[in-house]
Amino acid sequence: MLGLSKILRMGEGRAVKRLAKIADQVMDLDEEYTKLTDEELQAKTDELKKRVQEDGESLDDILLEAFATAREASWRVLGQKHYKVQIMGGAGLHFGYVSEMKTGEGKTLTCVLPAYLNALSGKGVHVVTVNDYLAKRDAEWMGRVHRFLGLSTDVILSGKNPAERREAYNADITYGTNNEFGFDYLRDNMAHSLNDLVQRGHNYAIVDEVDSILIDEARTPLIISGPVEGSSKWFSAFAAIAPKLTRDIHYEVDERKKTVGVKEEGVEFVEDQLGIENLYAPEHSQLVSYLNNSIKAKELFTRDKDYIVRNGEVVIVDEFTGRILDGRRYNEGIHQAIEAKEHVEIKNENQTLATVTLQNYFRLYDKLAGMTGTAETEAAELKSTYKLDVAAIPTNKENKRKDNVDLIYKTQEAKFEAVAEDIAERVEIGQPVLVGTTSVERSEYLSRLLQRRGIKHNVLNAKYHEKEAEIVAQAGRLGAVTVATNMAGRGTDIVLGGNPDIIADINLRERGLDPVETPEEYEEAWDDEIEKVRKESKEEAEKVREVGGLYVLGTERHESRRIDNQLRGRSARQGDPGETRFYLSMRDDLMVRFVGQTMEAMMTRLNIPDDEAIDSKMVTNAIKGAQSQVESANFEMRKNVLKYDEVMNEQRKVIYGERRQILEGEDVEKQIRSMLKDTIEAYVDGATAEGYVEDWDLDTLWNALDSLYGPTFTHEELVEGDEYGRPGELSSSQLLDALLEDANREYDELEEKVSEVAGEEQMRGMERAALLNVVDQKWREHLYEMDYLKEGIGLRAMAQRDPLVEYQREGGDMFNRMKDGIKEETVRQLFLVRNQLKQAGQVHVEDPAAGNEGVAVDRATQTTMGG
């Protein structure tokens, strides 16, 4: 198996052939592994671990045996054996590919193979999913196979405490969402003790729905933030003004770029409302952002589409999946403006404490791989951003899906009436229907139409996400109608006749059995239950095939072709029949922005009635062109986010690297002494730049030194004394030597006194705590300043300067100043302890391992996401 990693450098076609060869070799071992007893199969884990961890073999060397072991275990535990294409997909994941596998090809089972193989190294495997439910389900479901083979699995869920998280990360295989992994990374880099750390490195990640996580969510950075006081009154004031402003008279809106611009008439109106003379005067300058945000909240953010109001809180809805994004908040004041608009409690505006983009988080991993059903449209971005190649894995059976042409109506009302009519006809013959909508609002509108017609149906949107898996599991049954926002329910197969695995699991849980809490009883009951449900499902599936399989009906085109393809891909899995169609109207968002007015005018000229559809290649091509435009614009936006974050990323790596060294270092005294030297050197260089003693700025120097540690002599005593030759002939190097000797002597005295009171170990702990506090404080201030710099950097383009180059240059200067500030402030904080000792004759020294009050406040702050 040596040399298999060369596969990464081959063209996709050649790579897929090599993956097929590996799959054949794994399947050739089937007879040998089938004969093994359970004990012999389970013993393979320790044997393979030893060969990798002790004998020096590579994971490539043991791939065939590890895959054959996990494949046979899957059959014995789940009753499912990997097809050839699933083994190919698993091998692709091991080699760091994005394995593109169509919907229904069994990506979850595929993941078992590379997760098992890579876990044998003992360095940990992270399996990343899009939501908590899927993470928990996969950890339980696929965890049954891994646990059978003697590996530990665990899951990171939003409610878990640090101890539970640490335990989960110490498992061989850890499941969780991208948010949980990313936020734990940020929290680890705010920790003040090694005991507070939860993650144990970034060895290998398998990202499920890789396009959703690495592309759709990549524009939104992960942000841990803390509240800033005293701004809610202005959000309320402008929320009251915004409805009085008229679009195109007081302000303009660019729907494509999602920006607003206030016109002169709008400025005058606002000045009159607030009773001020000049909105742009320095003392009122911050009010401009409140005004812009109130207009954005009014025009660009729609309730039940972009967000919902739940329990008095504004909760964001993912524009791509329709799922609610608990814990995330829009940044830059947008979230507060929406809260003011909806008359709910306005939570304090937040200051960034730690942040990272998903692009840069996932690039921390030594090896990264992913799975998706639709990667071809994003292959270039996956390659350029993450260095990930796409391997298109063939389907297990031929695809029999029939994709009908789009039907286009003049109005949304006519479109939805036609949709309801089509659904009624399908229900009549018992064909299951999955309807995709783009917002909560539209899914509920269609639901009301279906209720009026007496059509039974399930609604799957952000408001009802708890029952997601159960609803999707039943969506392929005879006569089932499921209305879902976008790709809600992704990750759960729609199986004709019902998903037997999910239905059996639900049945067992209703009987009080659980694969984690009561594993033995669950496994004992599983075989009989799954056999019964599979028999029922199989019989019903035949009837569903006879009426045409699953009918997928899209009610609007999405900005991204990939999201449309994902919806279509829910139909005709594993060689089943299936059918799809999109219903559109000239008032749909995408049509309004790109083709609507021209086509609507043409339909009016041709006297086409509202309730009559057209199927026009011209419109279809215009939609494809519009989608390509939007995809390109979004790609550029993500690239732009990444370019700016690259600057922050380099700085973040330096700061987080230094923090980790401080936490892990036995002794930071040398570092403190070095900081003392660097700070005094910088002071002396600044004061003696003129060269001659009489031109030196010694008053300013001594003021700075007094603030830092308090020299034991005056500059007059030093210059006029004869220690360094004749009076007045002091050199700058002699001045520096004298000050360093004095400062180090004072620091020695501090050490002695603290050691007397609390022991030398406490002195080292105090140094570490002081250094960490200052690093965190200065880093927070730096993040704020970098945010401020980025907000205004676009204006540099007006001066014919490249904003990115200016951001890099100024950001670099600010970072260097911050590092100097860390040195200076750390030394100052420690000498303050000496001053307290001198005044009080004793000092109370906190044990840094027990925590730090300031840090505790930070950790308790709200975790949010900017957008």
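Cβ from N, Cα, C; glycine included.
According to Swiss-Prot:
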type: BINDING; residues: Gln86, Gly104, Glu105, Gly106, Lys107, Thr108, Asp493; note: ATP binding site
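Feature annotations (Swiss-Prot) mapped to structure.
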{"residue": "Gln86", "record": "ATP binding site", "Cβ within 10 Å": "27"}
{"residue": "Gly104", "record": "ATP binding site", "Cβ within 10 Å": "23"}
{"residue": "Glu105", "record": "ATP binding site", "Cβ within 10 Å": "25"}
{"residue": "Gly106", "record": "ATP binding site", "Cβ within 10 Å": "19"}
{"residue": "Lys107", "record": "ATP binding site", "Cβ within 10 Å": "25"}
{"residue": "Thr108", "record": "ATP binding site", "Cβ within 10 Å": "21"}
{"residue": "Asp493", "record": "ATP binding site", "Cβ within 10 Å": "21"}
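Binding residues for ATP (Gln86, Gly104, Glu105, Gly106, Lys107, Thr108, Asp493) extend across at most 15 Å, taking the greatest CA-CA distance. Same-chain residues with CB within 8 A of the center of the Gln86, Gly104, Glu105, Gly106, Lys107, Thr108, Asp493 CB atoms, the ATP site residues themselves not counted, are Met101, Thr103, Leu109, Thr110. In the three-state DSSP classification, Asp493 (ATP binding site) falls within coil.
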